[in-house]
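Trainee: Attaching a single structure in structure tokens format; questions to follow.
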Amino acid sequence: FMETWTWATVLPGAVRDLPTAFVRPSYTNPPSIPTQGLKRPRNDIGNKVTVVLGAQWGDEGKGKVVDLLATESDLVCRCQGGNNAGHTVVVEGTEYDFHLLPSGIINPKSICNGVVIHLPGLFEEAEKNEKKGKLSLKGWEKRLVVSDRAHLVFDFHQVVDGIQETQRQATEGKIIGTTKKGIGPTYTSKASRIGLRVCDLLGDFKEFSTKFKNLVAQYQSMYSSLTVDTDTQLKKLKEYGERLRPMVRDGVYYMYEALHGPPKKILVEGANAALLDIDFGTYPFVTSSNCTVGGACTGLGIPPLNIGEVYGVSKAYTTRVGIGAFPTEQLNPTGELLQTRGHEVGVTTGRKRRCGWLDLVILKYAHMINGFTAIALTKLDILDVLDEIKVGVAYKINGKRIPHFPANMELLHKVEVEYETFPGWKSDTSAARKWNDLPQKAQNYIRFVENHIGVPIKWVGVGKSRECMIQMF
């Protein structure tokens, strides 16, 4: 038989402090129908979260924007990826490099973490940054909250990552260019439903040990060269688990209480970027998670209704680490100048970043997916010395404009970029702290970008530190 469920308003004497409730009707004594209906109270959506996302191929300066916003936030959350991300934050002249920890950990606020976690990497990163500068991370373990549903990255996942790249090179003659941090293999374990989570590690350790050994055996059956000292690994994992235990919470309930408790400013820090998203990026040269706005909901377990501002971060030019199509790449002295002036070296890999002109096609595509409410345009000062500056505004195939960003990478490799050219401002912008301090030609460049993508630019970055972010509104 089919049960019928109905809405009912909670009347005096019933459960209090709830505006509405689901009530299961009695089959023997059906409830009487009130003669006058009562107006249902409006649903309380709760606090909104602000999301910061990369709008290109990563390395846009998200950490700086997060650090800026985190000073006024009560909660800073990472929601996807792992220590394949790399965020640099400069505070009072000291550089902090973050991979797994949220950039907001610098600020003495509560932190929530919903990523795939390599425990040795987590503690090593914290200890390394803790030693830096007078503004240390002292007490970070009391500020960090880790979701019990977060999947674990094991050392052998990282080994497998390297083996897979070697195999690709041998069979296909090319690699994806992963960070070899084990992120792909960990997400593979997760999707195959054989992965292990924080809650497993902190549960029955005997049961965890059995599952760990089974997982290792599965990977060894696929990769004959893989060797794992399971007993040593399990001993280390048990120790890490005990260090982690005080930080672990049920992530869903933790976020629900944050959303529906007292007013809070909640910040979500995206890792990687739109063009590296597993579904919408330049596949297969992408990461293994959803680094677009939907990843905030699925990674943290929060409803779309609670998404508020969505800030996209873009450089004033374009960079990319590793392999894959890059239509506006400049394999010439201009590209070398951008690489040198911008110190374009990957925080995680140490690889030089490929450089090119700003590509508004990918920015508009990223906006379609994420619905940016504002943009942070960083590293404008790197363009200060150029005589002229180009901006990619459209793609062409066989001389005809195409109205979309191609999904097929072979097609993307063939596109011809249509550019708009602007005169350079040829003056130092690094000391600018407000809009009127910028040269008129720089202002024209910014306004063109803003108008073309149809999203207001809220911040313009002209240097490394948080003081170098010009706020427009």
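Glycine is no exception: its Cβ is also placed from the backbone N, Cα and C atoms.
So TrEMBL lists the following for this protein:
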type: BINDING; residues: 58-64, 86-88, Arg353, 379-381, 461-463; note: GTP binding site
type: BINDING; residues: Asp59, Glu60, Gly61, Lys62, Asn84, Ala85, Gly86, His87, Thr179, Arg193, Asn272, Thr287, Arg351; note: IMP binding site
type: BINDING; residues: Asp59, Gly86; note: Mg(2+) binding site
type: ACT_SITE; residues: Asp59; note: active site, proton acceptor
type: ACT_SITE; residues: His87; note: active site, proton donor
type: ACT_SITE; residues: Lys190; note: active site
type: BINDING; residues: Val347, Thr348, Thr349, Gly350, Arg351, Lys352, Arg353; note: substrate binding site
Trainee: Looking at the binding-site residues Gly61, Lys64, Gly350, Leu380, which has the shortest Cα distance to Asn272 (IMP binding site)?
Mentor: Gly61
Trainee: Which residues, sitting 6 or more apart from Arg351 (IMP binding site) on the same chain, put a CB under 8 Å from its CB?
Mentor: Val321, Gly322, Val345
Trainee: If you count other CB atoms within 10 A of each CB, which of Thr179, Asn272 wins among these binding-site residues?
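Mentor: Highest number of other Cβ atoms within 10 Å: Asn272.
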Trainee: Within 10 Å of Arg353 (substrate binding site), Cα to Cα, which of the binding-site residues Asp59, Thr179, Leu380, Val462 are there?
Mentor: Asp59
Trainee: Counting all other Cβ atoms within 10 Å across every protein chain shown, which of the binding-site residues Gly58, Gly61, Gly350 scores highest?
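Mentor: Result of the Cβ crowding comparison: Gly58.
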Trainee: At a 10 Å cut-off from the C-beta of Val462 (GTP binding site), count the other C-beta atoms across all protein chains.
Mentor: 25
Trainee: Give the distance between the Cα atoms of Gly61 (GTP binding site) and Lys190 (active site), rounded to the nearest whole Å.
Mentor: 29
Trainee: Measuring Cα to Cα, tell me the gap between Leu380 (GTP binding site) and Asp59 (IMP binding site) in whole angstrom.
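Mentor: It is 14 Å, counting Cα to Cα.
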Trainee: How big is the gap, in Å, between the Cα of Thr179 (IMP binding site) and that of Val462 (GTP binding site), rounded to a whole number?
Mentor: 28
